[in-house]
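Undergrad: This is the structure, below, for whatever I ask next.
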Amino acid sequence: MSEPAPAPPPASVSSYTPDYASSLPTAVAAPARGRNYPDRPRERNPRSTSSTYSTSNMSSTLKSTPKSTQKQQHSVLEVPPPPPPPPLPFSAFDLLTTVATNEAVGRSVKMDEETGEVVVRDKWGKTIRMCGIEGCDYKTSITSTMKRHKAARHGIDVVWYHCPAKNCDYKSKEAGGIKKHTQNIHLIDVNWHYCEEKVCSYRAKQAIHLKLHKQAIHEIGVTWHKCEEELPRDLKARKKLCPYISKDAGALKRHKQNIHHIGVIWHPCEEDGCEYKAKQKVHLRQHKMTNHQIGVKWHPCDVPGSDYRAKQASKIKRHKRSVHSIGIIWHKCTNEGCEFQAKRKDRLKLHKQAIHNIGVVWYACGEAGCTYEAKELGNLKQHKQNVHLIGTNWRYCDEEGCEFKAKQASNLKQHKKMKHGIIP
């Protein structure tokens, strides 16, 4: 069979047009149906017909592939978080001297000239302010908290509020403290709440205290919770059921756990040879720390020559203040010729009241012919109850024919036990 004759060459270059459309697949040569050609049928993509890995093949392949293999194929590489920076030194002054260490971890340290604080900023943008006062290792990330610390601990930038009463040198850093002081000490602007029961002169400054008084003394508004558990044989001499009652449901629950062992979940010690068990996890943890030294984090005293150590950091601070006189702010007496000084302001105040009679508010009895006066309101109240029988809450014995009465509930309880054989 003879081969077909080749196509004749074009007459000229300008009139020659290559037949690109005939050499391409049909789907590419003919435009697909769409917005510009709505009448022409849409041709399928030749790749979808010629490809052997169709959608159905893919789904069947995934079904046959184990889930562990699928997770490995589609797993995302997890980048571990960056390690935390080294902890800050003990004090701000140590931090300023470790410049090389700070630069190595990307930590910037500078001194705030206005406040005297050391400002630390790590490479993640977190800022910590350290108190720049010598001997103080307090640090915080909140500026307002640092201001309150300086005002409370060091007395810096404090606005004092003074008591308006005469001969009273009390002052407070908060206006609310002055209001509480004038109400509690000088009885100024007090809204009294009186007990409405007969022969009861009790009064309180707060309604909640009056409510508690009525429940405790007059048994008003009290819901009693009874135990009624069966007593052991050695205690069934008088009663078969437990007579315990309480005004608090939580107290009854603790009573049943401690006395009758009801609802107790025991937590035994796992150490070899130790038979200790506790009803609460906190007691078991304390037992392990005390007897087996488990979970103890010791805080040593860093003063040269001191071998003291404690389980709590707060005890180390107290040890330094009391033994080594480190971190102490002394409060000195300002009276001429007096060298008294104290570590606490309240001790200095008591010294001034007792020795120099400064800031003393005398409370007179006011009863006819009585010259008693006291420096504290509680002592005056006790004097009136014991001497003049004013404001006394009598507890009466409810046994038939008994006229005993007492000022304290414990005395009435002892009377019933000794005279009537009643054990509540």
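Residue 1 is the first one shown; counting continues down the chain.
Any Cβ shown, glycine's included, is placed from N, Cα and C.
Heads up, here are the entries from TrEMBL:
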- 1-11: compositional bias 'Pro residues' (COMPBIAS)
- 36-46: compositional bias 'Basic and acidic residues' (COMPBIAS)
- 48-61: compositional bias 'Low complexity' (COMPBIAS)
- 62-75: compositional bias 'Polar residues' (COMPBIAS)
- 79-89: compositional bias 'Pro residues' (COMPBIAS)
- 129-154: domain 'C2H2-type' (DOMAIN)
- 161-186: domain 'C2H2-type' (DOMAIN)
- 193-218: domain 'C2H2-type' (DOMAIN)
- 240-260: domain 'C2H2-type' (DOMAIN)
- 267-292: domain 'C2H2-type' (DOMAIN)
- 299-324: domain 'C2H2-type' (DOMAIN)
- 331-356: domain 'C2H2-type' (DOMAIN)
- 363-388: domain 'C2H2-type' (DOMAIN)
- 395-420: domain 'C2H2-type' (DOMAIN)
- 1-91: region 'Disordered' (REGION)
Undergrad: For the domain 'C2H2-type' (395-420), what are the same-chain contacts with Cβ under 8 Å, counting residues 6+ beyond its ends?
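TA: For the domain 'C2H2-type' (395-420), the nonlocal Cβ contacts are 385.
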Undergrad: What are the DSSP helix/strand/coil residue counts across the domain 'C2H2-type' (331-356)?
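TA: Helix, strand, coil within the domain 'C2H2-type' (331-356): 12 helix, 4 strand, 10 coil.
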Undergrad: Taking a Cβ cut-off under 8 Å, which residues six or more beyond the ends of the domain 'C2H2-type' (193-218) line up next to it in the same chain?
TA: 183-184, 247, 390-391, 393-394
